């Protein structure tokens, strides 16, 4: 996939790496052999904010903590129920009734004692520029797409990388907005040079308003469904209720008006509506293998964003556990 | 029942979930993929799980094998994985086995107990072993692998899909003996040599390849007794007096190199090596230390201490020091043979310094300890994120299998960057290869010089390394002519077996057109090999061929490829229809670097049915048994699959074809 804004310019860039201890060199031996010492040094200087500590996020956190970031902050005051145990890595039966963020701290700490863990115990509405600027990247999982858009805007304004990921039963997706993302590819020339590449991202809000007429009637179902849910939430400022007839009726009319607006011929409106309904029905349903798959892919993307030494995915990914496909789309 | 399964039941339905709860699973390997997989299995509701792993926990595992902690270093992976994973769900029955899946206790009787086997292994030889056992007891198997950002998961079911061995398997790269011993041209050649030297000095006495590397007492540089022109290295006996490390240094870096220099044929086209004298090096001035932080352009390149290149003199000092310490270590353990281990600091420093000194002698660039570890230990860097994806994909396939939906099973590839739009690419699994010698018990033919090759070489290189047999039993007609394995043997039986190993094939009834049956009870596996005598692989014939090829090439203006030089050691060829030529012509060139060429074009010479076999008359012969020579098969950690997962490009072509016909978005 070639990206028009992705033309390389060759420069000699200056980066400074802080030293790693001998113990770190041993612990991270295999990953250093893959992504290099400079990348490992960047990881240990990075701070990651996680909003929404569900099962999928526990997978992402595990991967990022093992990779060796400096510190992470958890945001989620949800009270744990038995059903939360389905795909979660940091809680047990004894955790039921407790607050998920604080309850997760101990198990995360065991994964890698070199990483500092904090909990932010206030509402996400209280996050401001000053707060968000502390982080290298913000990763979010939320069924409320208005919240996603809000945090994304805050990150964008402060030039902080942002990722959103959510699973829906056998399906899962992630979105990333890295604003203007630069990455550096080392070339083994004599003397060694570095190629600087830039990828331009869109905000969540902008992507959700995508002009589907450009997709030539090959509009991918899951992304269309997501944007349908988003339009509903933008209007009503809440997540639609999957057992409310009036909500479902309105979702159907959003689907129909989009089909008309973008002149999407040769498609069955029912297929789009069914996909929307399916996502909505599974919006709280997490199963372990799907969380592991999407969590692994998001984890790898976070590491790429921090280390800036490789091309990243721009800007949506969708995994479908029924078909087994994992597609990258740009909207 | 706990509400913890409410999500999985909602997604999969009660009846599938019930099957998950009752199904019995075997997980082979509790490493990178294994840890991820076990966690997913217990969270998904799989309840009856056995884990096998022979390994113990190392510090370099902790960055991805997340069931292990610092305090577990040195303990059994299988046992700790079991303990740790119970935290994720206590409602499961897990049995941990700390052992080798290839050992007798895990034979077909053991495998029969399971409904599904999951491979999370790091070496081809164990994968092939499990493949054969699963086929033999007709248990479905999920195969997986990862390397860096790349990964793959597939399903194997007897009679329905291809098996692990239906397609050619890349045998780990081996180098010609002459390249290693006399004519190295790259750092890896010196590293392989240094590992052999370790085996020679500290390993078991009869360690096949290494034992003949050098003879420490032999001071002859040139000449023969008959001609009366012997030239000796007088200094060797003097150095021997000065201690073990000086003696070894002088022998391998002076005497042996002098011997090579006295073979002018070797140095027609290249610079001869330079032999070293220890005293000269030790009195020379220490070179300037390289700075830890180097500056290239305006860029500061940060390096680890291990990535720093030792100076030549440092290498010599480290080498002498390591020799002394290793010798001491062995004495303290009553002379017990040691095996080389990349994670043993002293053993690694030994190989690093020895290979660098040798590199220097041959004008080859030296390498840092960090790089030597990668190369000597065949390290394929593994990371948590890839393993997490693979561990998830395995469970997705497992769910289809317990549900009996084999038609929906797929091979899935994880790419580093999207291929088209696909980062995860499912492809339909190939049907079984009718010519496969494993799942279809098809005959194979082995061409070699039966008058020169010994039974020992045949067993080691052909049966064990190429055909992945573990403890082969060889039968001609109704007579057992050789029995591998470690059963309780008398001293006499062991001696008799080693005698047979030294005989040539022809003197032990394996002549042209013999039909040899090879069995392995451990794998519950049998293959019939038609032996064909040929002189094609004799040195002089090969030389002649090469020369002719060179002449043709020169006429056509082609240069001989470096790769071709390295396959001199090939002494046999397997022709098996197990190995249908795939569409990419490049496969042939890649396989030529291995010891054996799995020929895929020569279909005419393949035996099609029993009538083509001529059984030799039964000659009474003593049934003999011997100890298994340690082949060190687990040493190579390459986890290339038949289709190598790092050959993205060719794969894309192939799988996108399939995708067009089978899958739609």
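First residue shown is number 1, and so on along the chain.
Glycine is no exception: its Cβ is also placed from the backbone N, Cα and C atoms.
The active site, glycyl thioester intermediate feature in TrEMBL is assigned to B:178. Feature annotation from TrEMBL assigns ATP binding site to B:29-34, B:53, B:61-64, B:77, B:122-127. Positions annotated as Zn(2+) binding site by TrEMBL: B:163, B:166, B:436, B:439. According to TrEMBL, the feature compositional bias 'Low complexity' maps to B:579-600, B:617-637. Taken from TrEMBL, the feature domain 'Ubiquitin-activating enzyme SCCH' covers B:295-373.
Structural mapping of features recorded in TrEMBL.
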residue	record	Cβ neighbours (10 Å)
B:29	ATP binding site	28
B:32	ATP binding site	26
B:53	ATP binding site	26
B:63	ATP binding site	24
B:122	ATP binding site	22
B:163	Zn(2+) binding site	25
B:166	Zn(2+) binding site	25
B:178	active site, glycyl thioester intermediate	15
B:436	Zn(2+) binding site	23
B:439	Zn(2+) binding site	24
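A separation of roughly 34 Å, to the nearest angstrom, links the Cα atoms of residue B:436 (Zn(2+) binding site) and residue B:178 (active site, glycyl thioester intermediate). Classification of residue B:53 (ATP binding site) by DSSP places it within a strand. Checking the binding-site residues B:29, B:53, B:63 against chain A with a Cβ-Cβ cut-off under 8 Å leaves B:63, in sequence order.
Reported as a whole number, the C-alpha separation between residue B:166 (Zn(2+) binding site) and residue B:125 (ATP binding site) equals 15 Å.
With residue B:163 (Zn(2+) binding site) as the anchor, the candidate recorded positions are B:53, B:122, B:178, and the one with the nearest CA is B:122.
Put simply, of the binding-site residues B:29, B:53, B:122, B:125, the one whose Cα is nearest the Cα of residue B:439 (Zn(2+) binding site) is B:125. In the three-state DSSP classification, residue B:63 (ATP binding site) falls within coil. Here the Cα atom of residue B:122 (ATP binding site) is found 30 Å from that of residue B:178 (active site, glycyl thioester intermediate). For the domain 'Ubiquitin-activating enzyme SCCH' (B:295-373), DSSP puts the residue distribution at 46 helix, 5 strand, 28 coil.
Model confidence over the domain 'Ubiquitin-activating enzyme SCCH' (B:295-373) stands at 88, taken as the mean pLDDT rounded to a whole number. Closest to the residue listed as 'active site, glycyl thioester intermediate' in space, going by CA atoms and restricting to the binding-site residues B:29, B:32, B:53, B:63, B:125, is B:125. Residue B:125 (ATP binding site) is surrounded by 21 other CB atoms, counting those within 10 A of its CB over all protein chains shown.
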